[in-house]
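Take a look at the structure set out below.
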Amino acid sequence: MRAGCREHIPRTVDQKTAQSANLPIIRSEEQPDIVSENIEKIESFSRREEFVADQSIWNQIGEIVKFSGPATGLWICGPLMSLIDTAVIGQGSSLELAALGPGTVLCDNMSYVFMFLSIATSNMVATSLARRDKEEVQYQISILLFVGLTCGVFMFLFMRFLGFAGVKNAHIVPAANKYVQIRAFAWPAVLVGWVAQSASLGMKDSWGPLKALVVASTVNIIGHIILCSYLGYGIAGAAWATMGSQVISAYMMIEALNNKGYNAFSIYAPSPSELKQIIIIAAPVFLTISSKVAFYSLIIYFATSMGTVTVAAHQAGRDLKFISLTMTGCFCLGSLLLLARFSLALRRLLSPDGILYSEDLTRFSLGKLEAI
């Protein structure tokens, strides 16, 4: 072919980019104004791609905010309800406030040992949803509800028959034991509610569980005011209010799951292989949380041996610390997510085969991916 008839485009734009923008290939004998017009079209095409990429990033950030905002409320509700107990009981009796220390260790801190149920539920439900297998999702929920209910019944029996025992400051044991015995009724509901909540989170629904916890927190506050402040039931009234709010929360979690088309009242016993799968997923979390619970329980034990006033002050300070650390953890998690996204984008931009050093933008076209 003669040199004057060879196909070429300007040096600033490669041929693949011109083809991706649906532009004709310019021959050397054509007029310069056509070349300029095509360059402008290519630049406009590149700007449209950048706009679509920016819009996609903002959409993803919006989805993260819509999910993580309500999820933050879920994380705060637990320490907030404990703080309500401390604030109301502390106005009435320092002895009962001191009894909340060992009481909440057995009722609240011990519940974190079963956080593995939440982790396993979210993981298994999200994996089944990625496969688009609704029957498998229903089965996973059913076996995890069975595990949660079994653990809840075991903890109920443990609290009812063994109760609270201690040798330090024996005068706070009756009040602490009364609190633990009442709160024990809520153990099955608490763990079943955790499984239902985690299943909803695995479906990327954080509003349903948040509504349930908002209602539960409201009931808890009203119950504390009526039973403790007006009727004078003290620590027993606080236990009944908290127990009732936990049962209501679990029921609303189950109803939220039923409204999505799943049967939260369907329960199946897992097979040995399925139980092994749950253990593999949950074992690291179980060991980590168990060590933390043991550490905080040891702190409560030593604080209890220092006197009623000391353990009462420790209880108030501990709840304030938990609520402040919870907020700090939420902000740190959000910052970590944003930093991770920024680092990945910067790495893609500056890598030798990244967007910055490439004139072929077609291989960087946007696409949808599904994560398991």
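Yeah, the Cβs are placed from backbone N, Cα and C, and that goes for glycine too.
What you are looking at is a predicted structure, and each value in this text was computed from that prediction instead of being measured.
Beyond the transmembrane segment (110-129), the same-chain residues lying 6 or more positions past its ends with a Cβ under 8 Å from any Cβ of the stretch are 136-137, 140-141, 144, 147-148, 151, 155, 190-191, 194-195, 197-199, 201-203, 277-278, 281-283, 285-286, 289-290, 292-293, 372. What TrEMBL records for 110-129 (among others) is transmembrane segment.
Look at TrEMBL and you will find 141-162 (among others) tagged as transmembrane segment.
The annotation transmembrane segment is assigned in TrEMBL to 182-201 (among others). Long-range neighbours of the transmembrane segment (182-201) within the same chain, counting only residues 6 or more positions beyond its ends whose Cβ lies under 8 Å from a Cβ of the stretch, are 71, 74, 103, 107, 111, 114-115, 117-119, 121-122, 125, 141, 144-145, 147-149, 151-153, 155-156, 159-160, 208-209, 212, 236, 239-240, 242-243, 246-247, 249-251, 253-254, 256-257, 260, 262, 264.
Annotation comment: TrEMBL describes 213-233 (among others) as transmembrane segment. Packing against the transmembrane segment (213-233) from elsewhere in the chain are residues 73-74, 77, 80-81, 84-85, 88-89, 91-92, 240-242, 244-246, 248-249, 252: each is 6 or more residues past its ends and has a CB under 8 Å from a CB in it.
According to TrEMBL, the transmembrane segment annotation covers 278-302 (among others). Beyond its flanks by at least six residues, the transmembrane segment (278-302) meets 101-102, 105, 109-110, 112-113, 115-117, 119-120, 123-124, 143-144, 147, 168, 270, 311, 314 of its own chain at Cβ-Cβ distances under 8 Å.
Per TrEMBL, the feature transmembrane segment maps to 322-340 (among others).
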